[in-house]
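A.B. asks: One structure, pasted below without further comment.
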Amino acid sequence: MNASKRLVIIGAGFACALAIVGVSVLGWYATRPGPMDFVARGGVASTPNMNSATGTPADFKDQDIISRGRYLTAAADCQACHTVQGGKPFAGGRPFATPFGTLYSPNITSDASTGIGHWSDSDFLTALHRGVGRGGKRLYPAFPYASYTYLSDADSLAIKAYLFSLTPAVGTAPENTLRFPFNQRWLMSFWSLLFNPSRRFEPVTTQSVEWNRGAYLVEGLGHCGECHTSRNKFQGLDNKLKFSGSLVDGWNAYNITADPQSGLGAWSDVQLEQYLATGHAQGRGTAGGPMAEVVELSLSHLTPSDIHATATYLRSVPPIKSANSPPVRDTTAAAQPVLKVSVGDQRDLGQKIFGQACVGCHTWSGHNTLLIRSQLTGSRAVNDPSGLNAAQMVMYGTASQNSDGTLVMPGFASTYSNEEIAAVVNYATERFGVARSTLAPSQIQSMRLSR
Ligand code: HEC
Ligand code: HEC
Ligand code: HEC
């Protein structure tokens, strides 16, 4: 049997197996909650006066479709994924590493040859709501259409109007390197059947207008679950564990349910809204990595009323307690180093580096009143026993400037060895957090390689 015949047989076998799995999973899935399960639990609304949940806030009442579209595009954070570092906004090319190979975001500017300039309104709606591109091309769920499916037609078309109002940028993304069978786009039709709820947002009449607006922002535009909810074997969001945390690009996207220990339950309203709007909450740390980007490109552009609605909805997400997520320690450390007796061990190395490279900004107490954003105590990352986010921060720092013009966290990946980085992170989590992390130099090495 030649290779291509074998491939066809394997392909057909795979398709049959998938169809059988698909049908049985569909039966199971039909009976389990969808992404907005607890939204629907309150009963689906029929009252039209709840319409204010979609669209832009009242502040935009007199604005044209392009300004409304700009706001909604920021709320949906389209730019983050469709822009390569240093590249033209929305011109695509950003890589998405998956266990099955790498996929690249396309150009979504109005350039006719390399972008979506020829797309009709209906092409655009089909992509956002159903994950089907022009000419029936099935799209991968790295494009979060299972969340954008909730967007109203009017909001989706305002986004299109805004994108089409910008100067078109020429640019073609590199070819995907996905392996067989994952390079078979038609398989995504099964995925969509199972995991794309494929319906528009419907307000819950038993909840306030503010809560409904928050639900629309969080579940639809903000697609928070795409990072904060873990995935099942088929890469669908496991909404039984809604918002209880997940791993994304080597970072822990923490539990944002209402759980008081591992989630946001103990955060004050002021802290939560401050974190969302500015990326920093007094006594709760500063957003880093992927969350810093979400704040910069998306949440910091929302009106205070929308930030408040987002927080209102988050507060209502049923608490789930995560393993390995102890209560954070919020007391500051001693003002001076406590010298360790075990000379020559990793603690001494950590303390030495902290004294050389970190103390100028962070101080020995972890609380520098002149550089508020650098406060280490109270932050989930510093209290995370895995030490993962703290290590990412120490290696790569903060990419862009702080909005308040203060110093940002520099990256030390090229300054220190794996052993030194592990030592200083383990030292910082012990000194400022609830427990010492146990990062090994080999883990730092894998973090370097997976970047
Ligand atoms: C989390 C990352 C992410 C976000 C956020 C995102 N996209 Fe995408 N998008 C992608 C990826 C990756 C693809 C390519 C999928 C594929 O090749 O199957 C894509 C594909 C598309 C396509 C299909 C284009 C084509 O040529 O087939 C359109 C249109 C699109 N996105 C528009 C948007 C809009 C509008 C927004 C904001 C409302 C948005 N995207 C937000 C990652 C994202
Ligand atoms: C691209 C992935 C991504 C998206 C999308 C995302 N987050 Fe996050 N989020 C993260 C990561 C990673 C962290 C941890 C950041 C850190 O340690 O500095 C985080 C942290 C947080 C925290 C702080 C948790 C804590 O205990 O410190 C809150 C609150 C939060 N996110 C809310 C949201 C909301 C609300 C949305 C949707 C509007 C959202 N996030 C969308 C990745 C994401
Ligand atoms: C130039 C000042 C500066 C230096 C030097 C510095 N940091 Fe930072 N660090 C910051 C700031 C500011 C933040 C908050 C994030 C931001 O705004 O960039 C931060 C954030 C952090 C965080 C994440 C805190 C959170 O809220 O999640 C950790 C962990 C950290 N730094 C550890 C270190 C270590 C360890 C060193 C030494 C190897 C170091 N920093 C050196 C300024 C600095």
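Even glycines carry a Cβ here, placed using N, Cα and C.
So TrEMBL says this about it:
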BINDING   C78, C81, H82  heme c 1 binding site
BINDING   C224, C227, H228  heme c 2 binding site
BINDING   C358, C361, H362  heme c 3 binding site
DOMAIN    64-167  domain 'Cytochrome c'
DOMAIN    209-318  domain 'Cytochrome c'
DOMAIN    345-432  domain 'Cytochrome c'
TRANSMEM  7-30  transmembrane segment
A.B. asks: For ligand 2, list the binding-site residues among C78, C224, C358 whose CB atom is within a distance below 6 Å of it, in sequence order.
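C.D. replies: So the answer is C224.
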A.B. asks: Using the Cβ center of C224, C227, H228 as the heme c 2 site position, which other residues in that chain lie within 8 Å, going by their Cβ?
C.D. replies: H223, G225, E226, T229, F243, S246, V248, A253, I256
A.B. asks: Please spell out the DSSP helix, strand and coil residue counts for the domain 'Cytochrome c' (209-318).
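C.D. replies: Residue counts for the domain 'Cytochrome c' (209-318) by secondary structure: 54 helix, 12 strand, 44 coil.
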A.B. asks: Pick out which of the binding-site residues C227, C361 has the most other Cβ atoms within 10 Å of its own Cβ.
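C.D. replies: When each Cβ's neighbours within 10 Å are tallied, C227 tops the list.
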A.B. asks: H362 (heme c 3 binding site) has how many other Cβ neighbours within 10 Å of its own Cβ?
C.D. replies: 22
A.B. asks: At the level of the C-alpha atoms, what whole-angstrom distance separates H362 (heme c 3 binding site) and C81 (heme c 1 binding site)?
C.D. replies: 32
A.B. asks: If the heme c 1 site is taken as the center of the Cβ atoms of C78, C81, H82, which further residues of that chain fall within 8 Å of it by their Cβ?
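C.D. replies: Along the chain, the qualifying residues are D77, Q79, A80, T83, F90, G92, R94, S105, I108.
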A.B. asks: Can you name every residue in this chain, apart from C358, C361, H362, with its Cβ inside 8 Å of the center of the Cβ atoms of the recorded heme c 3 site?
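C.D. replies: Other same-chain residues near the heme c 3 site: F354, A357, V359, G360, T363, N368, S374, L376.
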A.B. asks: So what sits near C81 (heme c 1 binding site) in its own chain, CB-to-CB under 8 Å and at least six residues off in sequence?
C.D. replies: R94, F96, S105, A142, F143
